[in-house]
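Engineer: Can you read through this structure? Questions will come right after.
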Amino acid sequence: CAASRQAACSAGCIPVPWLCDGEQQCPDGTDEQCGCKCCSVPLVCGAKKVQCPGTHHCIPHWELCDRHQDCEDGWDEEGCPQQPCLPGQWQCRNRVCIMAEWKCNGIDDCGDSSDEDVCAPCPPGMVRCDEGKCILESLMCNDEDDCLDGTDEPSTCGELLATARGIGPQQVMGQPHNCLPAYSCQVCSAHVDIRSGDLYWLAFLRLSCPRTHVPCRDGTECVAQEYVCDGEKDCADGSDEDGCAQLCDTPGQPAPCQSHEYPCGLGACLNASLVCDGRQDCADSLDEGGNCSVPCQRSCAHLCYPSPQGPPLSPQRCWCDPGYRLAEDGLSCMDIDECTEWGEGACSQTCLNAPGSYSCGCLPGYLLEPDGRVCKLTGPEPMLLVALQSEVLSYGLRSGHEEVLLTTDKDRVVFSLDYDLVERKVFWMDLATESIRWQDLNSGKKGTLVKGVRSDCIAVDWLGRNLYWTDGAAGQVLATHLGAAWRGIPEYTVVMEGDLDQPHSLVLQPLAGLLYWSEVGSHPRLMEATMDGSRRHVLLAQGLGWPTALALDLPTWRIFWLDEKLGSIGSARLDGTSVKVLQLGWVRSPFAAAVCEGQLYWSEKKAWSVQQVDKASGKNRTVLLKRHGQPHGLQVPTWESPEPCCTNGCAKSNGGCAQLCLPNP
């Protein structure tokens with residue numbers, strides 16, 4: 001064992017912070033024999049965390065020797081083993097050595113899952129180091145060891161470089177001079193000079209981006225096409241925002257300005273009221289001089305401004321106030337419907353168009369932010385429920401506060417979960433016992449709802465008082481009553497079966513009496529049906545790989561999904577229209593998802609983390625939680641009791657049914 005980081009155990013090596021933490025990891029219990037002072041762990045840190053010396057900062061044990069400085073003084077990266085592993089061994093990402101044959105055996109032998117992560121293929125445009133890490137193809141042969149084992153810098157690099165530099169510009173003839181070959185003109189960058197052999201090799205031989213992405217000029221990364229010319233620098237070198245003032249199909253021509261703007265040279269736009277005002281506002285002075293002294297003679301609906309290029313060189317033109325555009329007759333102005341044209345970019349929830357303007361509104365329970373566009377939840381802080389190994393955590397989405405809500409037996413895994421906001425109960429799938437269990441968060445009382453079931457996803461109908469789940473192997477969606485109690489006989493019903501192709505993720509819309517599910521079989525699709533299984537229809541059947549995680553965003557009337565096969569985040573309106581897909585490299589093994597306000601949250605099994613991104617753009621990715629163990633189910637529950645007005649056919653007296661009542665709106 002690594003003397004400074006690990007302790008010997010009869011079953012192998014365990015991290016030092018696990019000694020005397022109150023949980024037995026060694027089969028013989030020697031890790032909890034705490035008579036010696038050397039076993040003490042600083043009280044300021046919780047179990048399985050390490051305290052940075054001289055501070056109150058705690059880090060998880062797996063962040064030791066991970067080549068990233070987590071303690072301010074870098075203590076967590078000091079004294080780490082540098083020697084390679086012995087023959088027949090394999091070095092983990094955390095530099096622990098294991099037997100080579102232990103790779104891809106389904107067991108986390110490294111402690112950081114790197115021995116199992118290497119079993120999955122790298123995303124497009126990336127290559128795998130011998131030690132298992134995926135790196136961009138552009139990092140090969142760059143004279144820096146990006147792989148821990150140096151396999152990205154083989155002895156053949158010199159030959160590859162010479163071959164690449166021998167490629168001349170004649171092989172890229174026929175392409176617009178300011179557009180990158182093999183990509184659409186959205187990749188326009190007037191500053192990219194592909195005539196340079198080095199740059200040509202860097203951009204096209206060393207970096208292979210997915211078809212939905214474009215390469216940055218320095219060749220080190222790919223960004224989504226949607227991020228090109230969006231006003232934010234997503235490439236480290238900012239090349240995704242270079243040359244955005246020019247159109248690819250007409251190099252050198254200015255981009256069209258709005259109806260109340262005047263085009264300066266170099267693609268800039270100037271408010272029309274500043275033209276011919278005696279002050280030079282355009283950098284090239286095109287807004288002054290010329291025929292500015294010639295008065296306007298047109299019958300414009302809004303404004304008519306003189307122009308330096310006015311009569312006799314060109315006719316004077318009419319201008320429209322902000323919020324309008326010039327009509328085809330060149331005189332009248334038409335209102336711009338920002339709500340329709342801008343979509344989610346106008347308002348986060350409701351949008352009301354007005355002549356020359358628009359206004360945003362919020363649904364009940366939300367408050368409009370000072371920016372006049374974004375809606376935030378009122379009331380208690382929204383919380384994210386996370387199933388993490390044998391625990392369920394709550395995570396404050398504003399404060400970041402963490403709390404363990406419930407803990408099961410250590411050998412059991414909390415899989416999919418959901419929350420009943422009426423009785424404040426958490427329900428979860430227990431794979432070890434093939435049962436769906438629950439716990440009351442008020443009293444702590446626990447129970448079993450049903451046994452003999454296996455499911456990837458469960459969902460609570462808090463209004464109709466039922467619980468639904470999918471059985472992918474059997475091709476079924478099933479349901480039972482929330483008040484059911486296990487008495488030795490299964491009490492549930494099959495809601496749908498027959499033509500379901502491996503149903504996987506499941507979400508409910510209780511107020512509308514609808515359910516949505518994904519299928520990940522040979523023909524992946526998203527489906528919708530009423531809660532009794534009738535009136536089912538296909539919501540989306542194209543552009544899907546393995547949609548393994550679904551989430552509803554009712555304020556915007558959209559459904560979101562994460563696709564494990566395509567590595568993408570998608571969304572569509574609940575009628576199947578307005579489909580939007582973002583292919584993002586960090587979507588690798590999503591299990592569950594949730595939406596709250598402007599953020600999309602999901603659990604990553606292989607990365608052992610819970611992450612968030614902006615739901616509309618896919619930007620601003622943040623890792624919220626990273627623990628020693630796989631996260632599974634996610635939910636953003638409503639802690640307040642529902643309004644008494646909310647009801648459906650099953651909410652009163654169980655709909656008159658003796659056993660199970662399934663809503664059919």
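Note that Cβ sites are derived from N, Cα and C of the backbone, with glycine treated the same way.
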Engineer: Return the single candidate from Cys110, Cys129, Cys134 listed in TrEMBL as disulfide-linked to Cys122.
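Structural biologist: Within the candidate set Cys110, Cys129, Cys134, TrEMBL assigns the bond with Cys122 to Cys134.
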Engineer: According to the record in TrEMBL, which candidate from Cys80, Cys85, Cys104, Cys110 pairs with Cys92 in a disulphide?
Structural biologist: Cys110
Engineer: Among Cys229, Cys235, Cys248, Cys257, which cysteine is annotated in TrEMBL as forming a disulphide with Cys244?
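Structural biologist: In TrEMBL, Cys244 forms its disulfide bond with Cys229.
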Engineer: Under DSSP, the repeat 'LDL-receptor class B' (513-556) has how many residues in helix, strand and coil?
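Structural biologist: Across the repeat 'LDL-receptor class B' (513-556), the residues distribute as 3 helix, 23 strand, 18 coil.
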Engineer: Counting only residues 6 or more past its boundaries, what in the same chain has a CB within less than 8 Å of a CB in the repeat 'LDL-receptor class B' (513-556)?
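Structural biologist: Residues packing against the repeat 'LDL-receptor class B' (513-556) from afar: 344, 348-349, 363, 366, 375, 459, 461, 464, 466, 468, 470, 472, 477, 479, 495-496, 500-507, 562-566, 568, 570-572, 574, 576, 579, 581, 590-595, 600, 602-603, 615, 648-649, 662-665.
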Engineer: Name the residue among the disulfide-bonded residues Cys92, Cys119, Cys257 whose Cβ has the smallest number of other Cβ atoms within 10 Å.
Structural biologist: Cys119
Engineer: To the nearest whole angstrom, state the Cα distance for the pair Cys244 (disulfide bond) and Cys92 (disulfide bond).
Structural biologist: 44
Engineer: Got a sec? Which of these disulfide-bonded residues, Cys13, Cys104, Cys110, Cys129, Cys264, has the most Cβ atoms within 10 Å?
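Structural biologist: It comes out as Cys110.
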Engineer: Roughly how many angstrom lie between the C-alpha atoms of Cys104 (disulfide bond) and Cys229 (disulfide bond)?
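Structural biologist: For Cys104 (disulfide bond) versus Cys229 (disulfide bond), the Cα atoms are 42 Å apart.
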Engineer: Taking only C-alpha atoms and a 10 A limit, tell me which of Cys13, Cys92, Cys97, Cys129, Cys282 are near Cys269 (disulfide bond). These are the disulfide-bonded residues.
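Structural biologist: Of Cys13, Cys92, Cys97, Cys129, Cys282, within range: Cys282.
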Engineer: Of Cys13, Cys147, Cys229, Cys257, Cys264, Cys282, which disulfide-bonded residues are close to Cys134 (disulfide bond), meaning a Cα within 10 Å of its Cα?
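Structural biologist: Among Cys13, Cys147, Cys229, Cys257, Cys264, Cys282, the ones whose Cα sits within 10 Å of that of Cys134 (disulfide bond) are Cys147.
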Engineer: Which disulfide-bonded residues from the set Cys110, Cys122, Cys229, Cys264, Cys282 come within 10 angstroms of Cys97 (disulfide bond), judged by C-alpha positions?
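Structural biologist: So far as Cα distances go, the disulfide-bonded residues lying within 10 Å of Cys97 (disulfide bond) are Cys110.
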